[in-house]
Amino acid sequence: METTAAATAAERRRPLFTTEELGGRAVYRVQAATVAAGILLVLYYRATRVPAAGEGRAAWLGMAAAELWFAVYWVIAQSVRWRPFRRRTFRDRLAERYEQNLPGVDIFVCTADPQSEPPSLVISTILSVMAYNYPSEKISVYLSDDGGSILTFYALWEASIFAKKWLPFCKRYNIEPRSPAAYFSESKVHHNLCIPKEWALIKNLYEEMRERIDTATMSGKIPEEMKLKHKGFDEWNSDFTLKNHQPIVQILIDGKNRNAIDDDRNVLPTLVYVAREKRPQYHHNFKAGALNALIRVSSVISDSPVILNVDCDMYSNNSDSIRDALCFFLDEEMGQKIGFVQYPQIFNNMTQNDIYGNSFNVSYHVEMCGLDSVGGCLYIGTGCFHRREILCGRIFSKDYKENWNRGIKERGKENINEIEEKATSLVTCTYEHRTQWGNDIGVKYGFPAEDIITGLAIHCRGWESAFINPKRAAFLGLAPSTLAQNILQHKRWSEGNLTIFLSKYCSFLFGHGKIKLQLQMGYCICGLWAANSLPTLYYVVIPSLGLVKGTPLFPQIMSPWATPFIYVFCVKTLYGLYEALLSGDTLKGWWNGQRMWMVKSITSYLYGFIDTIRKCVGMSKMSFEVTAKVSGHDEAKRYEQEILEFGSSSPEYVIIATVALLNFVCLVGGLSQIMAGVWNMPWNVFLPQAILCGMIVIINMPIYEAMFLRKDNGRIPTAVTLASIGFVMLAFLVPIV
């Protein structure tokens, strides 16, 4: 008996996850130290070589300010590169110790617009998370429909019926992925694993369901005979509008009802539709408000101790993701202090060379792992498992013991109608008035980047987080497939993050004394995206104008002072390329990322910066724009061919075209004047500016093609080209003083 007890105790001491430090740190630290020395020399040169008034002093000081900013931002970015971690889980140990006592999991899926986020896309995500390799009776799935659309409700009702066949099919053959849309799109790879007749039957049932949903979405109407099949359709009447409607909570599958079974007579997960009340006179706090509504609704239906939230376009690609996350929470030694577990946001519609720089490979393989080593990665709004208690404001305490069995019981005397009525009362417009919801309880309000500020608040309450990036991606979604979508998304992100940085929740203020300095700095990497816009715009415009106007802004190439400039630029570039290739990018993909960094800096981040300042002085209010998840046929074709998509006369495109055209004209004009000896100076005085200008021209080659060579509908419109020519002409009238 003693031997058995000792073996059991030894088994329980074996960790459910392990932490490994990434290699190659010695090489990194050497390059970081030498780059830091080079940066100091560059700043010293700028400070001690200021030209006289009228000889380009203002431009010189502007260059010094831009380089000082880049130096500060570089230091901040190094905070997450010093000692990054990698996490690995042991699901077999979890099963040995907890298989009979696994906790319940509530899964939140949010959608807001049936046009930008088609219902057929939403239900594929819903079906994928219903089919996890996990006891179905312990899964509850909640769909928050902030669009309040009968089309979305109809799609979810269709999914609740299809789930009775889809879930047994997934588990019988252990298929991956468990999104029917993704699975059948890869049918040539997977169908040999199944009985052909059964595979064809399930595929036909899915396609018929999707056809019905897409037809209803296109027509905007639900067939009248369908409305008779569920009482929930009665909620939509003639007075119902998107921004003015009553709260709706409908339990489509009651997982605690023994009659809720699939075709193999296994219990189905609970499935709930939620549309919180909307009234014009009440602010609804966008996605943060929707998530808080789901926290309250789920508390009276399932009340699971673990909550997963997923964007509606991020389907589950790994059926063991719940078990991997639980390895962190249930670990006897380290799990006590982990508040949330974050998976990366990975996209499955990326082009081979990532034309729009959407992969975030370096962020996930380097930066998030580095944050993990200093107290916790960021909460990025999707693919994240939280303890329910921390979302309800609990402060970390070593004495706190989680009740992992909460919510796992059959329903008491209340019937489903009573439960729905009680849950509905929790999502009215006035429920949160004079409460701490959105402040100390739930997801934070008042910021477009509600995820980042909520994660920071959790860290400041003493909790840590864990980042896991398994070989098989846990979630796959849709990246923006047009330039306009990309610019909009990054504008929203950069604006939200800068708003946090300029508020009382700035990590250096709010986190002081609560989290490590490196984690405070790590939060500023994305917090200062928008602030990069002005120095970047300055650096891609002023040196080029100086080249054509005869104003030198760098040391001549033969001077010893050129060495630190060249060294910093080359080593930073080469190390960035090394990180990108190591993280899975292609060489061309890295180059596309450099282009998109410049494009986003002078458009998304610039607009985000301006809008944030306007909000800070009370000139505008916070808004939320949904990034479209669908594109037209021609746009999709050009995306697959890795051709930049323009097509409209957007002000952002005018900025992009103007910067590209300005550098081309300055390069041609500057080189012509150098060769002609117009400036009466040695040619190598202007060589650094000519090289910088030339690199900007090379990186903008697809822009010139879109302006002058392409004939398709995705080219830069003539009006944008003419406007950019006008702005270039005006730029030459600006003196470089």
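Using N, Cα and C of the backbone, Cβ positions are placed for all residues, glycine too.
According to TrEMBL:
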- 26-46: transmembrane segment (TRANSMEM)
- 58-77: transmembrane segment (TRANSMEM)
- E117, D146: UDP-alpha-D-glucose binding site (BINDING)
- D146: active site (ACT_SITE)
- K287, D311: Mn(2+) binding site (BINDING)
- D451: active site (ACT_SITE)
- 653-679: transmembrane segment (TRANSMEM)
- 685-704: transmembrane segment (TRANSMEM)
- 716-736: transmembrane segment (TRANSMEM)
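Features recorded in TrEMBL, as mapped to the structure shown.
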residue	record	Cβ neighbours (10 Å)
E117	UDP-alpha-D-glucose binding site	26
D146	UDP-alpha-D-glucose binding site	23
K287	Mn(2+) binding site	21
D311	Mn(2+) binding site	21
D451	active site	24
I need to check the long-range neighbours of the transmembrane segment (58-77): which residues 6 or more away from its ends have a CB within less than 8 Å of a CB in the stretch?
35-36, 39, 42-43, 46-47, 49-51, 367, 521, 524-525, 528, 531-532, 534-536, 538-539, 542-543, 546, 551, 553, 572, 736-737
Hey, which bits of the same chain come close to the transmembrane segment (716-736), Cβ under 8 Å, at least six residues off its ends?
56, 58-59, 541-542, 545-546, 548-549, 551, 646-650, 653-654, 657-658, 660-662, 665, 703, 706-708, 710
Using C-alpha atoms, which one of the binding-site residues E117, D146, K287, D311 comes nearest to D451 (active site)?
K287
